[in-house]
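Before any comments, here is the structure.
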Amino acid sequence: MVDPCAAVLVLIVTGFLCLGIKESALAQGIVTAVNVFAMLFVIIAGGYLGFKTGWTGYEVPTEYFPFGVDGMLAGSATVFFSYIGFDTVASTAEEVKNPKRDLPLGIALSLSICCCLYMLVSIVIVGLVPYYAMDPDTPISSAFASNGMQWAAYIITVGAVTALISTLMGSILPQPRILMAMARDGLLPSFFLDVNKHTQVPVNSTLATGIVASILAFFMDVSQLAGMVSVGTLIAFTMVAVSVLILRYVPPDEVPLPSSLQESIDSYMLRHNSDAQMINGENPAKSPGDPCLPLLGEKKVAVDCTVVEKLEALSSCTLDEENRRKIASWTIMLICVGAFILTFSASNLWFSSLIRFTLCGAGGLLLLSGLVILTCIDQDDERHNFGHAGGFICPFVPLLPISCILINVYLLINLEVATWVRVSVWLMIGVLIYTFYGRRHSSLLNAIYVPKAHVDEIYRSSGAML
């Protein structure tokens, strides 16, 4: 069964997004305002009907949670696509005037408002009509119709249409920026790099995203698309949580620089080598070996330190720091393994009780041990310098990222097998693109890796040379 109307709507929204980010933001604001008005109507009018009728929807013959916690989480995993729009804020960071302040504030406020509205609408609708008597196609309008408010269906329909448009704009808007960033890194063809000079929009990336989305909307059912989008969103959120742990405890100690800075890197290596040998009381002119080795060797000394600090750094043993990084790395990996074991065994009821409880205990032990270890060991000092220029930072580390990993993995496992099959096809397409194009054209192919502590000095020296 095909849906040409959905495909046409996607193409219309794609064409509108090509007009510019300001025009898109204005349209997004209008349709969102209409959608919020419709939701407030549902909450207020539905609440009035609920108190008038005595909330008959909650008078069910069965107990609460009729499908158990597993059923609740399975439903949560399916509708998780409702939260996909929040990555739009982060994806448009290059177009924000003050990203340090505006990005965290925008994400937190929009997430809080949407969560409150979603929960209030759900509370009202379930209270008006029992869950087993709801119309799966039009649950909200049918709930009002069953209570004598057929005219409310027009307001709800307008809200549903604006919600659909808002979701389309929020879903299509960030993807072209991601494609453009990937093309900038060489992972995709330069075709996706084209930015319109007038609208400042990556037109080629936007059109490609819209065409692919319209094809999917034309051939696939909305429930199938919802499952695929939920998987992608959950995987992305899980990767972010793992990345927070990595950047806090084992941030990369080497940074890739473009090969165009080769001359500046060589010049800095020579000066750094001479400085280090003078501290050791050696004559740089008589020192054997390659002058480039000290920069990449075991002893890393900052050039802008005093002589006393350099001598202390050279004489100190870095074994403790190395062990800390190794312990943190293995602990993060075991946390991910423990989260998978715990959620997989808890979700599969066809396991015998002994095997299920044993696996749950092993996974829970790995998670708890990882939490204790990461809480006890120190976080890496480089976390203040790598990828963070001030502003908001994730709180409650490592508890919050570990909780996110556990919940997201559980929701992923509770999705249908057919959804995972469809997502696997997409992942395989991505692997093939990377294998045959991205790997050969990546900007990191000829990159030069240098210690993080020397990057700023190398860039300063390259600017002085220019």
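Each position is counted from 1, following the chain as shown.
Backbone N, Cα and C atoms are what each Cβ position is placed from, and that goes for glycine too.
Annotated in TrEMBL:
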TRANSMEM  6-22  transmembrane segment
TRANSMEM  29-51  transmembrane segment
TRANSMEM  71-93  transmembrane segment
TRANSMEM  105-131  transmembrane segment
TRANSMEM  151-173  transmembrane segment
TRANSMEM  201-219  transmembrane segment
TRANSMEM  225-247  transmembrane segment
TRANSMEM  327-347  transmembrane segment
TRANSMEM  353-377  transmembrane segment
TRANSMEM  389-413  transmembrane segment
DOMAIN    392-442  domain 'Cationic amino acid transporter C-terminal'
TRANSMEM  419-437  transmembrane segment
### Query
So, does the transmembrane segment (29-51) come close enough to the transmembrane segment (201-219) to give 3+ Cβ pairs below 8 Å, pairs being at least 6 apart in sequence?
no
### Query
Okay, the transmembrane segment (419-437) and the transmembrane segment (6-22): do they have at least three CB pairs under 8 Å, pairs separated by 6 or more?
no
### Query
Considering only Cβ pairs under 8 Å, which range in 105-131, 151-173, 225-247, 327-347 makes the most contacts with the transmembrane segment (389-413)?
225-247
### Query
Per the definition of 3+ C-beta pairs under 8 A with sequence separation of 6 or more, do the transmembrane segment (29-51) and the transmembrane segment (353-377) touch?
no
### Positions on the same chain near the transmembrane segment (327-347), where near means CB under 8 A and six or more residues out
70, 242, 245-246, 249-250, 355-356, 359-360, 362-367, 369-371, 373-374, 377, 380, 402, 405-406, 409-410, 413-414
### Query
By Cβ distance under 8 Å, which residues at least 6 away from the ends of the transmembrane segment (151-173) in the same chain are close to it?
9-10, 13-14, 16-17, 24, 27-28, 31-32, 34-35, 37-39, 41-42, 45, 84-85, 88, 91-92, 138, 140-141, 144-145, 206, 209-210, 213, 229
### DSSP-assigned states of the domain 'Cationic amino acid transporter C-terminal' (392-442) in counts, ordered helix, strand, coil
40 helix, 0 strand, 11 coil
### Task
Please indicate, using numbers and ranges, the residues of the same chain that are 6 or more beyond the transmembrane segment (353-377) and have a C-beta under 8 Å from a C-beta there.
245, 249, 324, 327-328, 331-332, 334-335, 337-346, 398-399, 402, 406
